[in-house]
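Straight from Swiss-Prot, the features:
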type	residues	note
BINDING	103, 187, 291	Ca(2+) 1 binding site
BINDING	370, 371, 385	Ca(2+) 3 binding site
DISULFID	211-291	disulfide bond
DISULFID	251-275	disulfide bond
DISULFID	253-258	disulfide bond
DISULFID	307-336	disulfide bond
DISULFID	318-331	disulfide bond
DISULFID	320-326	disulfide bond
DISULFID	344-350	disulfide bond
DISULFID	362-382	disulfide bond
DISULFID	369-401	disulfide bond
DISULFID	413-466	disulfide bond
DISULFID	428-477	disulfide bond
DISULFID	497-508	disulfide bond
DOMAIN	100-296	domain 'Peptidase M12B'
DOMAIN	304-390	domain 'Disintegrin'
MOD_RES	95	pyrrolidone carboxylic acid
């Protein structure tokens, strides 16, 4: 695949227009002009540079069956932890968010490899084009999705991929937590399949799942040959991981329906609604997702560079965004090359176009489980964000570090219920010995799968029980449970369950041997 051939932009003299174009082998992509969506692609004529331009409405429909997202959660979790502890008001739609980066791995299952006749280059090219459009969609939220790897299950699937979207998603999440995270660091993983999911389901994910080891995953059915359609489904499911729910009638955007509408729309929407903006903002305030804060290292990005997207990628000397938006005195926005005399144009170790001295702190430690990083004096990039070792005591010995966080039951209760919530008394956790629908440690795959009780020593690694002291509640053994996501409300991996012990795979094990 050629470098520097993926672009975002707009049609000249139309500020409301948008465009997402690949120029790798002719022009291919889409643009929106005066409210209409158009496609452009090369005509398949030998020795010809002719292209076809046509409206979305002229595309032959692939089938008439209505298609839907598999996420069923309809309510945002209680706002109390946000309102009471932070005292913040949700900013208005259209606000400028702080830049976030999602490092994405896409897993291509065996059915997809077969669909493309084992042409892995064709699959890669299609993924690059979809991701180019996803990043165009997420520009207003100031989020960049960086592809850091593609995994092909060329010979066989490594999990059981079935038509049950929920079961496959859970299996994929468990595999990510136990296998994929150990192979390559990333923030979010997508499983791309050609298997028909529950009839009309196009995709499914865990709401609020971003950054969580077994929940920062999504499952996408490759239902359409139209790149735009598939990019929209990717953007929609990723929105759920970032705290967005399906839009209701009160949600507005420039051109309804909006991205988080629950059913497939024709043509697909490209704008997030006022509700999505508010929900994403609340998600950032409540969950403070650390994994999406830092930019990826250039060498980790697996997709071709996009000059003008504001992200410094391999093959670029710098990238300050589009020529219209660039305010960087070191960088030529049109070419993504440094201006004469400049040593650097991007990176935390670049100051006034010069590389900072070795030893200069470029990323301070955020908390007990983080460590500070320092410039090397050789590169404008700040070294990869590193954390304290797993098992390091944190929060005054209340917990142990796990993948850069300090998971403790108290904070999990507060996040689930209210700022006044605390951990329930030990007797509540004895309910996890029942192996019931609500109290268990493990279950078989499937909604009706058998539940297995916790062993006596593992009761604090199953369902989390809290004491909710908020107004008029005072519930002594309160739990959180979701029929669509039965892992919700389970004690998080790495949580301290006893002195010197942590929860790993729903078992309370010695912290010295857990990792």
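Glycine is no exception: its Cβ is also placed from the backbone N, Cα and C atoms.
Overlay of Swiss-Prot feature records on the structure.
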{"residue": "103", "record": "Ca(2+) 1 binding site", "DSSP class": "strand"}
{"residue": "211", "record": "disulfide bond", "DSSP class": "coil"}
{"residue": "258", "record": "disulfide bond", "DSSP class": "coil"}
{"residue": "291", "record": "Ca(2+) 1 binding site", "DSSP class": "helix"}
{"residue": "362", "record": "disulfide bond", "DSSP class": "strand"}
{"residue": "371", "record": "Ca(2+) 3 binding site", "DSSP class": "coil"}
{"residue": "382", "record": "disulfide bond", "DSSP class": "coil"}
{"residue": "428", "record": "disulfide bond", "DSSP class": "helix"}
{"residue": "497", "record": "disulfide bond", "DSSP class": "strand"}
{"residue": "508", "record": "disulfide bond", "DSSP class": "strand"}
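With respect to residue 401 (disulfide bond), the closest of these recorded positions in Cα terms is 370, chosen from 103, 251, 370, 382. DSSP assigns residue 401 (disulfide bond) to coil, not to a helix or a strand. In this structure, residue 477 (disulfide bond) is part of a beta strand by DSSP. A C-beta separation below 8 Å, combined with a sequence spacing of at least six in one chain, links residue 382 (disulfide bond) to 294, 347, 348, 349, 362, 363, 373, 375. Each residue in 363, 365, 366, 369, 372, 373, 386, 387, 388, 404 lies on the same chain as 370, 371, 385 and has a C-beta within 8 Å of the C-beta centroid of that Ca(2+) 3 site, without being one of the site residues. For the domain 'Disintegrin' (304-390), DSSP puts the residue distribution at 0 helix, 15 strand, 72 coil.
For residue 211 (disulfide bond), the spatially nearest entry among the disulfide-bonded residues 258, 320, 508 is 508, judged by CA separation. If you check the recorded positions 275, 291, 307, 370, 428 against residue 253 (disulfide bond), the ones with a Cα inside 10 Å of its Cα are 275.
Within 10 Å of its Cβ, the residue among the disulfide-bonded residues 344, 401 with the fewest other Cβ atoms is 344.
Between the alpha carbons (Cα) of residue 103 (Ca(2+) 1 binding site) and residue 497 (disulfide bond) lies a span of roughly 31 Å. DSSP assigns residue 275 (disulfide bond) to a helix. Here the recorded positions are 291, 350, and the one whose Cβ sees the fewest other Cβ atoms within 10 Å is 291. Inclusion criterion for the disulfide-bonded residues 318, 331, 344, 369, 466: a C-alpha placed within 10 angstroms of the C-alpha of residue 275 (disulfide bond); this criterion is met by none of them.
If you take the Cα of residue 477 (disulfide bond) and the Cα of residue 320 (disulfide bond), they are about 53 angstrom apart, rounded to a whole number. Cα distances from residue 318 (disulfide bond) to the recorded positions 291, 307, 336 are smallest for 336.
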